[in-house]
Amino acid sequence: MNVEHNTVSLGEFEFDCGETIPDLEITYEAYGEFDGDNAVLVCHALTGSAHVAGRDRVDSADQARAWWDDIVGPGKAIDTTEYYVVCANVPGSCYGSTGPKSENPETGEPYGTDFPPVTVTDWTEAQRALLDELGIPHLHAVVGGSVGGMNVIEWAKRHPDHVDRIVPIAAAARLDTQCLSLDAIARRAITTDPNWNQGHYYGEDQDPPSDGLALARQLGHVMYLSKASMERRFGRRAAGRDAVRTFPTDAAGAFFPYRDVESYLDYNAEKFTERFDANSYLYLTRAMDNYDLAAGFESDADALAAFDGDALVMSFTADWHFTTQQAEALADSLRAADANVAHHVIDSDHGHDAFLVEPDNVGPPLADFLDAGVDGNAVTDSVVEDSQESNFAPVHNSLFSQ
Ligand SMILES: CC(=O)SCCNC(=O)CCNC(=O)[C@H](O)C(C)(C)COP(=O)(O)OP(=O)(O)OC[C@H]1O[C@@H](n2cnc3c(N)ncnc32)[C@H](O)[C@@H]1OP(=O)(O)O
Ligand SMILES: N[C@@H](CCO)C(=O)O
């Protein structure tokens, strides 16, 4: 697979908030050959990177490495022998693009929390500027999951003439209140860690706020799983004898079992603190929380009114972070905007991260949609019940199925 891995300087960048930095660098990866009209932009999720595919390419255990390798590659759903696939690390992140841990050229020190607040709009405009730099005026499609799906719909809102097809997966026009509250608690875990130091913890003699970041991630990780899958996978059982608690407990606490689910969350949180920057976690969760498709317009449909391409909205039945009903509301707004829309509901009990780990379910409709739009063979359009009390099961999925 032909892969470019580069960091480009986009020069002075004005953020949505009005602040500027003298130079925004964007790290991106591109796969395949550009033929003028085959570009597909992939938008990564909260803690993802530009490294969307090619698991064997670098020796790293980082979970953000090749995070959609089952979906992107030669002969895969986003076929790199057919499409020129670009994925860029978003501003504010910590995987190469400029963010809080980058050096502020004015001080020679890391920006820390002097870095301007970032929004999903900033990510979209940075991607637009990157594509200009790469000589790509028009996109065949923009695809992304989770907050990457918000990034996708922001493309349809801001650059409706620059993209033919959009695929927001496990996404919504805005986060619900429960998720906002969990994100706020997660940020509090970071900012109350004594090592956080108002976001200036990058000195050689300083430790990062790893305890706060680990807690924040554990809250996030629970949001990405479902009640049923956690029950099935861990139940109430105690962790194996080899499991090691990663934080101290008291003598009374040691009387009770260290549970398998705790071990799982602890292990993954520790791994996460090795790969992600706490300030970036603050910045990117705020961008996600702040996102509101209707901002500046009367409604979501108004915000999307200029987009008349094809849209494949994909959702998962057990995703409570971005529910199937929120996805249906987004699909309805796209329908009202006269786009060709299919809402493909995947019956899965994995939860939100199903978009990362169920390539057999995600791949076929995605591949067929990229090829033929909403008329693609594996693309279905499900009717979703309106009620908050429903179990989100699709009533039928026949409109576009064979
Ligand atoms: C674009 C992006 O989204 S990049 C970020 C990717 N997503 C995340 O990081 C979200 C949180 N992570 C996850 O949900 C998962 O790790 C995923 C989605 C990345 C992968 O899911 P799966 O393939 O099902 O992995 P699974 O959850 O089984 O295991 C994850 C790790 O926990 C370990 N683990 C599993 N059970 C236990 C347990 N009881 N105790 C301790 N560790 C455990 C596994 O050995 C594995 O370790 P490894 O990463 O060192 O190989
Ligand atoms: N688990 C994914 C999706 C979060 O929305 C991530 O960490 O990026």
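Each residue, glycine too, has its Cβ placed from N, Cα and C.
Features of the protein shown, as given by TrEMBL:
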DOMAIN    38-359  domain 'AB hydrolase-1'
ACT_SITE  SER146  active site, nucleophile
BINDING   ARG217, ASP353  substrate binding site
ACT_SITE  ASP319  active site
ACT_SITE  HIS352  active site
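Annotated features taken from TrEMBL, shown on the structure.
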residue: SER146; record: active site, nucleophile; contacts (Cβ under 8 Å, 6+ apart): ALA45, LEU46, ILE169, ALA170, ALA171, HIS321, PHE322, HIS352, PHE355
residue: ARG217; record: substrate binding site; contacts (Cβ under 8 Å, 6+ apart): ALA186, ASN268, ALA269, PHE272, THR273, PHE276, TYR281
residue: ASP319; record: active site; contacts (Cβ under 8 Å, 6+ apart): ALA170, SER226, GLY351, HIS352, ALA354
residue: ASP353; record: substrate binding site; contacts (Cβ under 8 Å, 6+ apart): TYR224, LEU225
If you count the other CB atoms within 10 A of the CB of HIS352 (active site), including all protein chains displayed, you should get 25
Please list, in sequence order, those recorded positions from SER146, ARG217, ASP319, HIS352, ASP353 with the Cβ less than 6 Å from ligand 1.
ASP353
Under DSSP, is ARG217 (substrate binding site) helix, strand or coil?
helix
Which recorded positions among SER146, ARG217, ASP319, ASP353 have CB under 6 Å of ligand 2?
SER146, ASP353
